[in-house]
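What TrEMBL records for 30-49, 55-73, 94-114, 141-163, 205-229, 250-270, 276-295 is transmembrane segment.
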Amino acid sequence: AAVQDVALDALAVQLLEPAELGPGSTVQVVAYKLGAALAGGALLALLPTLSWTRLFLLLAAAYWVAAALAWAAPALRRLPRPPPSERRPHTVRLLRDVLAVPGTVWTAGFVLTYKLGEQGASSLFPLLLLDRGVSAPELGLWNGVGAMVCSIAGSSLGGTLLAKHWELLPLLKSVLRLRLGGLACQTALLFHLDALGASLGPGTILRGAALLSLCLQHFLGGLVTTATFTGMMRCSQLAPRALQATHYSLLATLELLGKLLLGALAGALADGLGPHPCFILLLILSALPLVYLGLAPSTLL
């Protein structure tokens, strides 16, 4: 799967024109989310009807169809073949060449940090709602199906706005501000509930606001993801063709590392600091990308 990601990302960077990066990123992000939902939910729902053998044969058939479509795609045949190289470049030299591409260091810093606060909050906030009276089935519906639908809608909207010639950095700045405001509302709700010693009983306004805030944050998260992936592609297109796959793979790895880091450490931070200081820290981490956008190089404007 990782090799497929690298190959597909390299193709997207090489095939898409600058004006197509927004819609192209949308297709990648939305199709990935739909595929994950289909494989993780819909296919398992068919398990009582199909046996495990037939289910895996169905998955194998899907891979064969995808391979056949890729093999027959005219656009892939038009790609220039890479020139033969006498020897492979040393890893240190390759990394130096990648980092020398204009805007790479700034983009690497942004993709490593732009999801820190969001991922930490999305890991902790549902658990805190459980502790305050929200039932597990209801939370699973809102934080599962509802969050996935809102995330896909946000990613689709991001591509639509970029296709309508919205500038990338102003769009990112606007969405990051909205996301910071949403996290501030979640933090204020948490402080309010703890100050009153109240629980989120059925039918209360606070309960509805808390559950809707989950969907809103996933919607904004999907939007900012599409915009960020567009910026990553734009930066990778500045690299020499022979380096574009390596360049984008580095950025994608850092983006994934940034998302996983706070998601994995959120529980330990909440236990060590307490929920209130932890959410204040997450607010600060969510504000940092807004400050960082002011340092964006002219090559990415």
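Backbone N, Cα and C atoms are what each Cβ position is placed from, and that goes for glycine too.
Automatic prediction, not curation, is the source of TrEMBL annotations.
Residues of the same chain lying 6 or more positions beyond the ends of the transmembrane segment (205-229) and with a Cβ under 8 Å from any Cβ of it are 22, 25-26, 28-29, 33, 110-111, 114-115, 118, 121-122, 125-126, 129, 133-134, 138-139, 142-143, 146-159, 162, 168, 171-172, 175-176, 178-179, 182-183, 185-186, 189, 192-193, 198, 255. Proximity of distant same-chain residues to the transmembrane segment (141-163), defined by a Cβ-Cβ separation under 8 Å and at least 6 residues beyond the stretch ends, is recorded for 21-23, 25-27, 29-30, 33-34, 37, 126, 171, 175, 211, 214-216, 218-227, 230.
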